[in-house]
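First the structure, in the form of structure tokens, and then the observations on it.
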Amino acid sequence: MMVGQRTRRCREYTGPAPQSVAIRAREPNKLPPEYLILESRKKEDALREMMKINLAQGFSDLKNEWERTTDKKILLNNVRQEVGNRLKAQEFSIEERRERLRDMLRQEEQHYLAAMEAAEETTLERQARMRERAKSLKEKRESERLQIVQNKYDQQFRAQCEELRTTLSKREQDIVCAERLEQLKLKGEEAKEQKAYDEMYAQLWEKDRQEKMAREEREAHAAHERNRETLDVLHKQMAALDTQKEEAKRLKEEELQLMKEQAALRKMEEQAAAEEKRRRQQEMRDMLDLSLKMKMRKKAKEEQEQLAFDLKMLEQLLEESRNEAKEQLQRKIELREEDRRYRDFLAHVVAEEKQKERELERLIQHEVEAAWQKRLDQWRTERLVRRKLLEEVMAGRNQQLQERLAENMRRKAENDRECQELRVAIEENRRYEAEQAMKRMADSRRYQGDLQDQIHYNDQMREERRRNDDYEFLMGMQAEKEYQERLKDALDNPIFERLHPMRRAMLNKQ
Amino acid sequence: MSLTLADDERYCFTVEWYEEMAARVRQFQFFYFVKAQSIEMYDIKNRKMFLRTSVKENNISPADLYLGNSINVCGRLLNIVDYGDDYTRRKLSAKKERTLGMIKPDAVDKLGQILDKICQKGFLISRLRMCRMNRNQALSFYQEHQSKPFLNALLDYVTSGPVVTFEIVGENAVGAWREAIGPTDPSAARKTAPTSIRAQYGQDVTFNAVHGSSDPGAAAREIEFFFPSSGPVPPNTARVGNCTCCIIKPSAVKAGMAGKIISAITEAGFQVGATQMFTLEKANAEEFLEVYKGVVHEYSAMVVELTSGPCLVLEICAPEGSPPVAPAFRELAGPTDPEIARHLRPRTLRALFGSDKIKNAIHCTDLPDDGQLEVEYFFRILDR
């Protein structure tokens, strides 16, 4: 497509020369000037139309709804009615069936009842049956009566036949006698049994009594034994007490001995200490003497040597002076002077020496003294230690003794307490014994009373039995007598209880 | 059925109760205390004790406690659906073994005698049903004989007419029932076990009168086939034509008189068109006996009797075109009161088998027109 042919969308048109532009005129407006008004009018119209339609629609909706619900209701009601009708019809049919059933059952029942009644007998039949029954009953009674008559005749014969009666009575008597014999025998057996029974009981009692006696003896023996044992125990305890006492005494003696020993020991120790001291002093003195002598000797020797040396030197010097003549004189004087001075000096030295010696002596003395003192001190301390040891030993011993004494005391107290307890136990035992004795006495007395009561009761029982026997015997006699009398009476006036009616009639006639 | 249970035992089951007021099934744990003679129900959902009562008031014996049975506790019909604990399962699963028995078409007319024999041998029938199998059902029932040569003949035979199937509960039920029916071949049975059922009622190997499950597994499968917990069942044989309804009441069933009564009915020339064992709930019993309400005084007692255990419902029919069967059967049943019956009709069923006005052995349709209604009620409405 060419460039110039292309359709333009804007109103500008470029010319052939540069910067030549033409603008197309704007087209006039197609819409009428009252377009907006018309448009709004149209919208309003449409709206109105719509609302009208809506109204109509709503109305028809309502109508439809109403119709539908009504239809539904109608249907429901119809159904309900139909169901109700059918139920009713069912009910009716059931009711009708029930009615029919009721009728049928009633009829049937009546029919059955009628049948039952028909099955029952009529009056006439009943009368006939009753007559029949009466007849049979009568016959039965007649036959029974005949039977009785027969029996009575039989009885009468038995009653009246003397021979039969005698034989019968004899027989009866025999039976009675036999039975009486039997009875007597039985009684004898019973008595025997009773006797055996009594004997057995007596035996049992005897045995029981013996057993009881044996038991009592046993018990007494046991009590005796117990008492003896208690006594033994007491004896033993007393012996123990004695031994304890002796022990205490012995302890005391021992203590005394110990004390004595202790004193002796102390004395001996003191002696030994003094001896020792003296000996040591002696020794010391000897040693000091020796050392002093040795020292003196040494000193003297040294002095001697010194003096010898000095003299030698002096001689040498003199020798030299002799050699020198001139000077000798001079020298002599000087020497003399010197000698004198020397002598003075020597004297001085000797004095000094002596002084020194004295000093030394004094010093030695002092030294010795100090040593001695030291030794003494040592000795003292040793002695002190020894004494302390001894004291400790003595204290230990003492303590031991004290302990032993305390132990003794304690044991003694225990012994005393045991003795006391023993005494109480003995007392208690004695009391218990007395009580037991009392109790035994009471038991025995009660037992005696029981026995007596039993004897009494037995006596009473025997008495009563005897009385009963007597009474029974009397009653038996009485009964026998009465029986005999009654028999006699019966034999004397016989009674006929059941007479034959004919006989009774005859008797009445008489 | 005698059970020797130790005294100090407690049995636990899971039971279901259909509560009418709330229209819902409630589950409970059900405890049976043998020594204390008491029972307890524990509400599983609400986790609390529901009731506790004595056995005497409810007449429940340990023999009633087996799976699938319905027991009546204070007016509530409880279905035992499962064992509640291992102990009970261990103790009772052997004692309460279940097996399936079937009376085959040729022996169905001897139903009464066979049932009587079963009762005499001490078996407990917990469920019973007369039905007709089609070929497919028969094939699936006899699937273990799938490849056998005699399958065709067997299928022809079992589909040729109605069969009566029943569940037997008892100690070692499978073995005992197989022993009772005898060997498969009736001629062999006549030699070896002459008192067995096949020996008495069977003809030959195919027509051998009765069937028994071979082992516990097969028994469970066959029971599930005929008495499924859900799903379709082979249809019952009720024709609902010229018929009347006869119910052998729970007391008579419990006393083992069902077989004798059925024998008496068949001997009197009536046909048993259909039969089934029902355990009625109170509502159903009331509905069924509606027509007697207000008519007889014993209505409530009748309801109680009818709900007291399993009852056997029979459809009594006569051939088409014969006179109505209901009045004739009523004649056979006799007066309601066995006392009157014994006086007036000593040969009637109630005279022979009834004990008092309530426990009068059978219920029969009273109104001639109601026979169909009652039969329909059981075989069309309740059997679904």
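Note: Cβ is positioned from N, Cα and C throughout, glycine not excepted.
Predicted, not measured: the structure shown is a model, and the values here were computed from it.
Among the candidates B:Asn136, B:Asn208, the residue that TrEMBL names alongside B:Lys104, B:Phe150, B:Arg178, B:Thr184, B:Arg198 for the ATP site is B:Asn208. In sequence order, B:Leu100, B:Gly101, B:Met102, B:Ile103, B:Lys104, B:Ile181 constitute the residues six or more apart from B:His211 (active site, pros-phosphohistidine intermediate) in its chain with CB-CB distances below 8 Å.
Annotation for the recorded positions B:Lys104, B:Arg178, B:Arg198, B:His363: lowest Cβ count within 10 Å of the residue's own Cβ, B:Arg178.
When the Cα positions of B:Lys104, B:Phe150, B:Arg178, B:Thr184, B:Arg198, B:Asn208 are compared pair by pair, the longest gap among these ATP-binding residues is 21 Å. By the criterion of other Cβ atoms within 10 Å of the residue's own Cβ, the least surrounded of the binding-site residues B:Phe150, B:Thr184 is B:Phe150. Taken residue by residue with DSSP, B:Arg198 (ATP binding site) is part of a helix. Long-range neighbours of B:Asn208 (ATP binding site) (same chain, six or more residues apart, CB within less than 8 Å of its CB): B:Lys104, B:Thr184, B:Asp185, B:Pro186, B:Arg198, B:Gly202. Within the model, the domain 'DM10' (B:7-96) carries an average pLDDT of 85.
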